[in-house]
Amino acid sequence: MDYFLKYFLFLCNLLFTVLGLVVLGLGFWGLISKESFAQEKIGNIGTDPMLALVSLGFLLTLLCLSGCVGAIRENCFLLKAFSFAVLALISVQVLIAILAYGMQDQIGGYLRSGMLAAMARYQDDLDLRFIADEIQSNLQCCGADTYRDWEINIYYNCSAPGVLACGVPATCCVDPLENGTVWNSQCGVGAQLLDEFTAQSVVFLGGCLGGISRWIEQHEALIGTAAVVVLGVQIVAVFISTIYNTYRHKDRLHVYY
């Protein structure tokens with residue numbers, strides 16, 4: 001029983017260590033993709049949202065490694081610290097789930113407001129631009145509800161004086177690569193002037209809010225299963241850690257007496 005509890009707890013923590021490393025990797029990927037380590041941008045890296053993802057990944061990895069070491073080394077202090085930290089993490093996740101369930105009607109409105117804000121500040125905020133580009137390119141969508149939503153941006157508005165007037169970003173384009181190799185940043189110029197029949201061969205007609213909803217519907221079973229598994233593993237890890245600590249404590253008392 002001693003060895004079973006010990007190595008089962010180690011494997012649980014190893015699983016979450018991998019998850020922490022994935023989150024950490026995503027954070028660094030975001031920073032590298034935005035060239036946040038470039039000399040002219042390094043001064044503003046402290047306010048980069050991707051830094052929060054890096055911090056979360058680092059803390060998760062550190063927490064789970066402490067659980068791994070505590071299990072292998074049979075260190076009661078590390079195991080207790082790990083149990084308390086995971087209990088706090090479970091509480092936060094349950095609270096977020098309750099709030100999300102109770103605010104289902106408002107979430108759509110928040111998403112729309114957030115998407116429109118990202119579009120309005122697209123040229124001025126690199127972080128919002130990165131998020132908008134990732135959503136549009138990965139979900140193959142354009143704007144919040146339609147490609148004409150980009151009129152909200154002062155540079156893409158049809159009354160703007162620049163070359164971007166009445167256009168959309170290149171991530172809205174069906175084929176943003178010129179000759180299949182070179183990124184064509186001007187592929188969306190004038191797209192708002194096109195009717196839907198003509199525009200469908202140039203840009204994605206569907207909005208990203210619909211794309212996000214469809215993605216969630218298509219993957220809701222996977223998302224639900226993953227959430228239950230992750231939460232279940234955390235609960236089991238705390239349970240096993242508590243039992244193991246109790247077992248080791250009794251064993252030591254037995255040896256002492």
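Each residue, glycine too, has its Cβ placed from N, Cα and C.
Please treat TrEMBL annotations as automatic predictions, because they have not gone through curation.
Counting residues 6+ beyond its ends, the transmembrane segment (7-32) has Cβ neighbours under 8 Å at 45, 48, 50-65, 67-68, 71-72, 79, 82, 130, 230, 233-234, 236-237, 240-241, 244 in the same chain. According to TrEMBL, the transmembrane segment annotation covers 7-32 (among others).
Annotation source TrEMBL lists transmembrane segment at 52-72 (among others).
Within the chain, the transmembrane segment (84-103) has long-range Cβ neighbours (under 8 A, six or more residues past its boundaries) at 63, 67, 227, 231, 234-235, 237-238, 241. Taken from TrEMBL, the feature transmembrane segment applies to 84-103 (among others).
The disulfide bond feature in TrEMBL is assigned to Cys142-Cys158. Counting only same-chain residues at least 6 apart in sequence, those with a Cβ under 8 Å from the Cβ of Cys142 (disulfide bond) are Gln136, Asp149, Trp150, Val168, Cys172, Val203, Phe204, Leu205, Gly206, Gly207, Cys208.
Sequence-distant contacts of the transmembrane segment (221-244) (same chain, at least 6 residues past either end, Cβ-Cβ under 8 Å): 5-6, 8-9, 12-13, 15-16, 19, 67, 70-71, 79, 82-83, 86-87, 89-90, 93, 97. The feature transmembrane segment is assigned by TrEMBL to 221-244 (among others).
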